[in-house]
């Protein structure tokens with residue numbers, strides 16, 4: 001018999017917003033394909049959407065040459 005799968009815990013969506021007075025600021029980037037309700041995961045060199053698989057690579061901000 002196969003082992004039973006555990007219950008997945010949902011993420012706490014309130015951690016993705018910052019409220020100051022009457023303004024709300026999103027702390028994570030939203031997916032351009034899925035819309036404003038789906039946030040993208042931030043990795044070392046890219047942003048990824050877990051719902052549709054959209055990838056956006058970060059730009060290298062290294063403009064100076066290392067000596």
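Here the Cβ of each residue, glycine as well, is placed from N, Cα and C on the backbone.
What Swiss-Prot says about this protein:
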type    : residues       : note
BINDING : 31, 34, 49, 52 : Zn(2+) binding site
ZN_FING : 31-52          : zinc finger
Practice item. Rank the binding-site residues 31, 34, 49 by the number of other Cβ atoms within 10 Å of each Cβ, and give the residue at the low end. Key: 34
Point to revise | Helix, strand and coil totals (DSSP H, G, I; E, B; other) for the zinc finger (31-52) | key: 0 helix, 11 strand, 11 coil
